[in-house]
């Protein structure tokens, strides 16, 4: 507790120091400026008044954050206590392979000196405003097709020479056209082996590397001599720089921030453990658009700089013309500069050599010496490179220096960075010699001729940023200031109307599997960490498989991390590669289930000495088959969320005659429903048992299931509709009604809501809020997009539709099944391509306030079609809507008529919403998909895509491996009375609803052999965490024998006056806290 208090003290002190120093700068600025004002008296009073207001607001925020930290501290006390020694130092937790949980040093928050320079930074408009300025045309720019002609004066560098940093790199995709293992075997291991040899030959040669997934695999297969050489280059000579340090170079559109953090942490932990280095600069040359979430996470991970490449060509052109390609990327909620990270945007089309030395690719290609005559690759412009000799070096230097100078004209300083590499470059020793030796001759000539006013060298990306900071940022500099930018860089287009909005949805089956693995990993991490703490506290000797479970956790972390790669979760790999990813995800899900049941086994036992691990006879089982109820059967319910929770749990049983009671014998509301093999045929061997469970935060609840001759769970009732044709329903044990009059609107309701659906389609049309009696038109429809008839068509990356969507019209009337029960009611419609379900839970609280939507989509028989779900409402949203970025923040969007339809689609990782002054309509999602609002009041989501051709972005195939894919959503309708603001945040209800959707309760059946053992529920926290604080993870770090607690203090909006008046929750800014113990 003392250490936690110290951490809180340091954290609070850091905040106080930054605030005080910020106020000092503001006061100093006012004092300096008032003498320059013609009306300095009035301005001074006005400025002081404004400053007083800001001081008052800062004081309020400090008080509120102190309260939040206090709440978190109180909630963590119980968890903290479980880590302390609770008995004699017995048991093999402190012996053999089991790690001892040691206390960590106090948390130290470093304050970058650059964080105090915000007063001098130039403010720039948000990117959404930049879109208003652009025409998004694509005129021919000459040699730089998407840019403009660049000119310069020969004497511009006379007073300050041009500094050129050429940065050799090799972009290694962890899966794309080959699997991860095949790429490693055929290419990556040779690149890294050659690197060790070639960097040793010349201390002036340098290299950068990003993908730790590959580096770690290589490290495990090399000898100590090579390892020592790598450490020398990294630590002593600085020839090799690890950039970003993540497990992969992740996609930034579809990845959830949990997975982004996890893969970054896995890579950084590996680097610290094996190399003792910490990355300083991010390198993201290939993700298809860029998110400020990733910038924020890199900043929080201690990186000072970052580079991005794939940005819309019109944005690049605009930034180039304004010389704003180097900027501070700031989060849109940050009023100061605490989130600023220095960012470099590459100006040209690609990161390959022809598009990096300057604006003319025909010239730059002549300096890619892998393309020398006789090699396997050549220049498309049919002018090959020449080996550098004494006879041609002067002429070649003039050509190259001209490109360097023109490129430098796009920036504000005389420091220019030139990448030298491409995909899987430097595989052969010959290429190392070709590139490095020829460039060294060019550099030697440049540097030995002072009349050229240039200093050129090989460098790492951080070498470049250090020079840039010295030129433009360091205190006392006289160079130009760099601008501040906020917002995101979606949706990416690389040319014409080729918008990369297709990959937001491509391969949705695997996008859903990604989130399932993410949820299982988080749940397993938390319960495993709690188990280790509990074992340590108990002091009991046991055979808990801690090492094996940690191995499974590590493997799952790495498989989840691998799938965040920008050709994995995006759905842009070849079929065999996608199968490899899917196999890894599936195996890890199964392994994590084992970690969860092993951990829960220990935690629920009353008598810990009775614990015995037997892999062949599982104590707990996550249901794959119906539970057989011949007598009483115990079920353990695990709540992986930080909130005490009342939710509906569903298990499968072999009889409809069942009752549910708590561990104290109190009856629990329950409902038995049919399991439908076909739309009108129910199983006779399996039944769905749904009951309302109450489980404490991060805890385990106990329930008993038993056979009941009477007085057990209520059975659901069914009503079937079909517009024409006879219906034959095969079901036993349930009441079924097939009304003759099928024209009355269908309706289901719960304590909060009532939904009316069309009797013809079963799709929702009206939603009624019981709280205030209001009704809202919310119509659900499905529609098809085709692909253009032009030569370039939609593919895995691109969305190139043939116009507006055409409404879905099934070949035959759908079967509509209405389920009504005491726990939930639902309407299920079976179309030819979609099975659509609307469900209402009959519970009070969070679960009862949303309409749950599930779509099971099957378009395997279609040709060049994409299916979308569209919500049409009476919300007067005009051309505005909002999507989340990585489940971490909200980005305002504007549908623009000047852009093609496909440009108005954006990634939706966890939610999207529409709003007008009085209402907000929010769609929460359990998987990443592409979304848009093409008309006022409309919100649509692409559900799946089947495309018969490649879209010429390198994959070399269409998307034809579709699977039947279930996608889950929740729909919220909320009243709002917010004041107008440039920023927007989810409501607290949507935060918690999204949490419940993505992290459901986990039921586990106790084996029949273990029913004789005494079990008890678990409540590890004294109380729930504050409801605006999310426990991101509770992760064991075995290398440092620590447990890390990741807490995320979320933004949320008070949507209505009533909510604001009835809650004591604090409104505060977003931050992520890491508590170590």
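Just so it is clear, glycine is given a Cβ too, placed from its N, Cα and C backbone atoms.
In TrEMBL, annotation is done automatically, which means it is predicted and not curated.
TrEMBL lists coiled coil at one of the ranges 48-75, 76-103, namely 48-75. The stretch that TrEMBL tags with transmembrane segment, taken from the ranges 7-27, 112-132, is 7-27. Averaged across the coiled coil (48-75), the predicted model reaches a pLDDT of 51.
Across the domain 'Glycoside hydrolase family 38 central' (498-585), DSSP helix (H, G, I), strand (E, B) and coil residues number 60 helix, 2 strand, 26 coil.
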